[in-house]
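Undergrad: Sharing the features that TrEMBL gives for it:
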ACT_SITE  Cys317  active site, proton donor
DOMAIN    21-253  domain 'Orn/DAP/Arg decarboxylase 2 N-terminal'
MOD_RES   Lys43  N6-(pyridoxal phosphate)lysine
Amino acid sequence: MTVAPITQPRPGPVLEMRAERIVAALQTFRDAFPGVRPYYATKCNTHAGVLRTLREAGCDFEVASTQEVEILAGIGVPGPEVIFSNPVRAREQTARAAAAGVDRFSVDSVEELHRLSVEAPGARVYARLATFGQDSVVPSEGKFGVDVTGAVRLLLEARERGLVPYGITFHMGSQSLAPSALRRPLQDVAHAMDRLRRAGVRLEMVDIGGGFPAAYDEPVPPLADFGRAAAAEIAALPYPVEVFAEPGRCLVAEAGTFRCRVIGVAERPSGWWAHTDLGVFHGLMEVLESGGELRYPIHDTRGTRLRRCYHLTGPTCDSQDTFARDVLLSADLHEGDELLIGSAGAYTSVYASRFNGFAPPRVVLI
Ligand SMILES: *Cc1c(COP(=O)(O)O)cnc(C)c1O
């Protein structure tokens with residue numbers, strides 16, 4: 001990411017990422033999940049400074065594409081240390097990742113297992129179990145995953161094809177608000193491990209995925225509650241395994257703040273609108289994905305005591321660009337005022353497009 005020169009009159013929106021908040025979030029995760037090894041979900045925020053900060057703090061990495069393998073190689077993370085959890089990949093993606101040394105891949109179909117055995121012979125395989133995304137604000141589930149029988153079949157077939165049956169994974173759904181959402185998938189894991197053991201297959205790893213929440217405009221259950229729910233089920237697994245997790249959002253969301261500007265204020269029959277130089281298409285896409293449920297904490301720097309309710313919308317001519325409704329801000333808000341959008345470090349800059357010709361926000365590490 002390039003840093004605009006200070007002399008530039010209109011620098012445009014910036015996402016500021018605070019390194020010490022990332023390190024603190026990683027520590028909070030480790031305290032909540034003793035003995036669980038975190039693999040940061042790279043797709044969540046791929047800024048090199050963010051990745052370096054996590055790397056220096058001893059975090060490992062999960063990827064969903066070969067491009068991410070290459071980004072990580074650029075900051076010195078070797079392929080063999082990375083896990084590839086996107087269960088369906090174009091053939092050349094697997095081949096390129098394998099050439100870079102990646103040898104742990106998730107699968108949730110026989111088709112992918114066949115491709116994998118050709119493109120990455122001898123690789124370690126972990127099966128993706130389905131979950132049902134209960135109490136998840138950004139439902140990411142419903143696409144991937146097999147049931148217990150399917151996972152057992154895949155891992156047995158992996159052995160037949162010269163691959164290594166390595167583990168089982170799942171994802172409870174992003175921004176989960178229910179620690180209990182970890183229970184059922186881990187019980188499924190236990191059943192699968194039992195059945196595999198009877199077939200002579202012993203797994204090395206269980207990966208409890210991501211989905212752990214970050215605080216937006218309301219408090220969320222502490223990570224320690226998720227940790228306790230996981231620990232209870234992990235203790236009940238049929239034999240000891242290494243346990244991984246793939247936290248994304250909870251490691252980087254709260255470390256990020258968007259600084260953007262009001263470009264105009266308008267009073268309309270629908271209420272007061274503030275238009276900003278940042279919107280849904282330039283970083284705030286998750287507002288749409290969550291059906292408006294994800295509410296970023298938003299402040300203006302004017303700080304006038306008298307408040308007024310605004311709808312906040314981006315700079316494009318698309319009505320879907322609206323990213324917040326009924327936000328109390330300074331009543332005399334006007335052109336040029338700065339808005340601070342908090343908890344913006346996850347799934348923002350990485351979603352930004354050039355829609356309507358507006359440049360994506362710059363990202364800086366502080
Ligand atoms: C996106 C993703 C994650 C991270 O999810 P969060 O909700 O950000 O924690 C982890 N694992 C996989 C496979 C993913 O696709």
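Glycine too: its Cβ is placed from the backbone N, Cα and C atoms.
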Undergrad: With the cut-off set at 10 Å between Cβ atoms, which of these recorded positions ends up with the most neighbours? Options: Lys43, Cys317.
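TA: Top count of Cβ atoms within 10 Å goes to Lys43.
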Undergrad: Could you round the CA separation between Lys43 (N6-(pyridoxal phosphate)lysine) and Cys317 (active site, proton donor) to a whole angstrom and send it over?
TA: 28
Undergrad: Helix, strand or coil by DSSP: which one applies to the residue listed as 'active site, proton donor'?
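TA: In the DSSP reduction, the residue listed as 'active site, proton donor' maps to coil.
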